[in-house]
Each structure stands twice: as C-alpha cells, then as structure tokens.
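Engineer: What TrEMBL shows for this protein is this:
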type: ACT_SITE; residues: R90; note: active site
type: ACT_SITE; residues: E93; note: active site
type: ACT_SITE; residues: S116; note: active site
type: DOMAIN; residues: 77-150; note: domain 'Cyanate lyase C-terminal'
Amino acid sequence: MEQKKAKIVAELQAVKHNSGKSYNQLAEETGLTNVYVAQLLRRQAQLNPQTAPLLRAALPDLPQDLVSEMMRPPLRSYDPNLIQDPTVYRLNEAVMHFGESIKEIINEEFGDGIMSAIDFYCSVDKIKGVDGKDRVVLTFDGKYLPHSEQVSCFLVLFFCEIENNNQ
C-alpha cells in the first residue's frame with residue numbers, strides 16, 4: 001500500500017514540477033490553501049469532485065487516472081524519519097515549546113476542549129518582519145471541539161434503546 005502511495009505521490013509531484021507552478025499559484029487558481037494543495041499532491045487529503053475541474057485547469061497535464069485516485073479517501077500517513085528534516089524538526093520543537101501555553105490559552109478562551117485537525121485550515125505565508133527580513137507565518141485554523149462530560153445515564157439510555165429495538 002505504501003509503495004503504491006509513494007508511486008502516485010511521485011507522479012503527482014512530477015506533474016506539479018513540470019507545470020512550473022508554485023503551491024501558492026495552484027492555491028490561487030483552485031481557491032484552496034497552499035498547504036491543502038500540497039496535501040492533495042501528497043495524497044494526504046481527498047480531492048472533492050467540485051474541486052477536480054479547478055485542479056485540472058491549474059494542472060492541465062494531470063491525467064484522469066490520477067484525478068480519480070485523488071478522489072478516493074487517502075491513506076493519511078507519514079514517514080517516521082520525516083522528523084529528521086530540519087524544518088519539520090523545528091516546527092515540532094516550536095509546538096512542543098509553546099504547546100502548554102497554547103493549550104492553556106485555548107482552555108481559558110474556550111473552555112475544556114481541543115482544536116480539530118479535521119475541520120482545519122492551514123496555510124504558510126511569507127511576510128517581511130519589522131527588520132525587513134523574511135518571516136514565515138503559519139496559520140492553524142481549527143474548529144474548537146469541547147470535551148464531553150461522560151454521564152452514565154446517556155450511555156444507559158442508549159443501550160436501553162438498543163435493547164428495546166431488538167425485542
């Protein structure tokens with residue numbers, strides 16, 4: 001399965017490379033975020049039927065068999081050695097370093113819960129800092145999901161309802 005995915009990703013990356021377009025250009029042409037376009041071309045996200053024509057227009061050499069493959073639910077996985085890449089390592093380090101404070105602020109602003117990584121938008125932007133040097137801006141825009149109180153009466157009612165329906 002992983003070998004098939006690697007082959008498809010290599011083909012998708014070749015189409016992008018041969019187009020000469022950046023992820024930002026493809027994002028602009030498709031109306032998606034640059035990170036989501038990258039996720040699509042790495043088979044980490046599923047291509048929606050409404051978006052397929054926009055992606056085909058942006059990447060005219062994208063063959064229909066790859067488009068069809070991209071519209072299937074992907075195997076969302078990663079190479080465990082990816083953490084060795086300096087960019088990925090530093091990103092992980094930043095989240096680990098600031099994570100406890102970020103969690104505390106999420107809890108303070110929203111309550112006991114988490115940020116979804118499913119209902120989630122992510123983008124990478126380039127800006128000039130106050131010193132005139134290039135800076136990276138990462139945006140993680142996730143839906144807030146409150147934790148549920150696990151009240152046993154709801155569980156009992158659920159199972160009672162199932163038993164009543166089976167009789």
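Even glycines carry a Cβ here, placed using N, Cα and C.
Curation does not apply to TrEMBL; its annotations are automatic.
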Engineer: Between the Cα atoms of E93 (active site) and S116 (active site), find the distance and write it as a whole number of Å.
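Structural biologist: So the Cα of S116 (active site) lies 20 Å away from that of E93 (active site).
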Engineer: For the domain 'Cyanate lyase C-terminal' (77-150), what are the DSSP-based totals of helix, strand and coil residues?
Structural biologist: 30 helix, 29 strand, 15 coil
Engineer: Need one number: mean pLDDT over the domain 'Cyanate lyase C-terminal' (77-150).
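Structural biologist: Taking every residue of the domain 'Cyanate lyase C-terminal' (77-150) together, the mean pLDDT is 94.
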